[in-house]
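Annotated in TrEMBL:
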type: BINDING; residues: Gly239, Glu289, Pro290, Gly291, Arg292, Tyr389; note: pyridoxal 5'-phosphate binding site
type: BINDING; residues: Arg292, Arg328, Tyr332, Glu361, Tyr389; note: substrate binding site
type: DOMAIN; residues: 30-387; note: domain 'Orn/DAP/Arg decarboxylase 2 C-terminal'
type: DOMAIN; residues: 36-295; note: domain 'Orn/DAP/Arg decarboxylase 2 N-terminal'
type: MOD_RES; residues: Lys60; note: N6-(pyridoxal phosphate)lysine
Amino acid sequence: MHGFAYRQGSLHCEDVNLQTLADEHGTPLYVYSANTILDHYRRLDEALGAIDHEVAYAVKANSNLSVLRLLAEAHAGFDIVSGGELFRVIKAGGDPAKCTFAGVGKTRAEIEYALKQGIYSFNVESEEELRYLNEVAAALGVIAPAAVRVNPNVDAKTHKYISTGKSENKFGVDFDAIADLYARAARELSHVKLRGLQMHIGSQLTSIDPFIEAVEKVAPLATHLKVTHGIEFWSIGGGIGIVYHGSLDSGDTGWWESKPEGERPLTIAQYGQALVPRLEHLGLKILLEPGRLIVGNAGVLLTKCLFEKRGKAKTFKVVNAGMNDLIRPALYEGHHEIAPVKQPTADTGIRKVDVVGPICESGDFFCQDRELPDFQPGETVALLSAGAYGFAMASNYNSRPLPAEILVDGSTARIIRKRQTLDDIIAGEA
Ligand code: LLP
């Protein structure tokens with residue numbers, strides 16, 4: 001969490017005190033560090049500097065217009081998964097010609113919109129979809145640029161909901177079927193131009209090994225397609241994991257000493273050092289589609305403790321954010337560190353608690369049986385590493401307004417999304 005640290009007894013985002021933001025804007029509140037986002041983007045860009053490449057930010061991780069604008073101004077490309085995401089990228093000043101369009105179920109309307117905007121490539125996931133793309137392009141009298149997603153059947157060793165590169169996943173075309181598919185497409189599909197190859201093996205990968213395995217397995221295929229079909233790019237996907245455990249220096253209280261075995265950070269430098277030598281001789285433009293790496297540790301969700309409820313078996317800290325605001329713990333058993341905004345001291349007691357939200361579901365928790373420095377009702381706590389798949393997956397479940405979002409740049413804090421009102425929630429309903 002590079003942009004987040006305790007200073008003068010309070011957690012800050014860059015030069016802004018998070019307590020001040022919580023007081024001014026209320027909670028739950030998402031806060032992002034602009035300079036952390038840019039730093040992650042630039043470091044990845046530099047790590048691949050020795051080869052022809054482009055970083056196409058995976059918009060799904062955090063699609064706020066101001067976040068997209070930051071990255072557009074840094075000349076990022078964008079990996080989109082819907083017409084809605086393309087609309088956002090364009091509104092934010094992003095270049096459609098730097099957009100790749102992923103996903104297993106694109107609609108005619110989305111394909112037409114993306115064709116008219118002139119995107120770089122449709123990353124298609126099946127022969128059926130490729131034929132459909134050809135049909136839609138033919139009807140418009142244009143040629144659709146495309147790449148097929150290869151499923152390399154590599155175990156990404158991540159949570160089963162975010163693993164995508166195994167044969168049993170719904171994604172991509174079997175490795176062994178790709179060469180024939182390209183040959184058939186070249187013969188039969190006159191309104192598709194296969195300009196690349198794509199893969200993505202999963203998300204939150206904390207080891208380099210699956211990346212190496214996939215790149216080594218698919219590289220000969222990419223070379224073959226370059227020779228036989230003149231493809232120009234290979235997207236190796238996203239998936240670089242981030243540190244969730246102990247993602248902030250807890251100071252001298254040391255309450256996060258308990259980093260579990262196994263969560264070793266995969267650094268950007270390691271990623272570059274391992275992959276560049278395996279990619280540089282291919283003569284292909286290499287695309288990356290990172291989402292979490294860019295924004296995950298650039299954001300927190302601030303929430304207020306409402307009550308402490310002492311049950312027979314457990315102590316619950318009830319906070320005013322719920323699984324509708326941040327669903328990762330409920331959905332993937334995702335771990336987010338929980339840090340009181342007021343810096344704990346050596347005198348602060350450590351308590352084993354469940355931090356739970358107000359939603360009417362037992363899955364509405366942010367941690368269970370976790371030892372945390374004690375905090376009281378009325379105090380603000382930060383759920384860390386919430387910049388990716390946080391707000392982007394938030395919903396109005398239980399008719400709760402979506403939280404506001406703030407972007408911090410140095411000592412400036414800007415509202416980049418207003419908190420929803422109750423009227424916003426029912427807008428459009430009859
Ligand atoms: N490219 C493709 C084709 C993808 O499907 C994804 C993520 C990415 C790139 C970006 O992956 P990243 O670099 O962010 O790992 N909601 C889940 C994560 C779902 C990821 C879906 N696909 C979570 O909160 O962990």
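Cβ atoms are placed via backbone N, Cα and C, with glycine included.
Predicted automatically and left uncurated, TrEMBL annotations should be read as such.
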Kindly assign the residue listed as 'N6-(pyridoxal phosphate)lysine' to one of the three DSSP-derived states: helix, strand or coil.
helix
When distances run from the Cα of Gly239 (pyridoxal 5'-phosphate binding site) to each of the recorded positions Lys60, Arg328, Tyr332, Glu361, the nearest one
Lys60
Arg292 (pyridoxal 5'-phosphate binding site) and Arg328 (substrate binding site), compared by Cα position, are separated in whole Å by 13
Please give the maximum pairwise Cα distance, in Å and rounded to a whole number, for the pyridoxal 5'-phosphate-binding set Gly239, Glu289, Pro290, Gly291, Arg292, Tyr389.
15
Largest inter-residue Cα distance among Arg292, Arg328, Tyr332, Glu361, Tyr389 [record-listed substrate binders, Å]:
27
Euclidean distance between Cα atoms of Tyr332 (substrate binding site) and Tyr389 (pyridoxal 5'-phosphate binding site), Å:
11
If you count the C-beta atoms lying within 10 Å of each candidate's C-beta, which of the binding-site residues Glu289, Glu361 ends up with the smallest number?
Glu361
The average per-residue pLDDT within the domain 'Orn/DAP/Arg decarboxylase 2 C-terminal' (30-387) comes out at 94
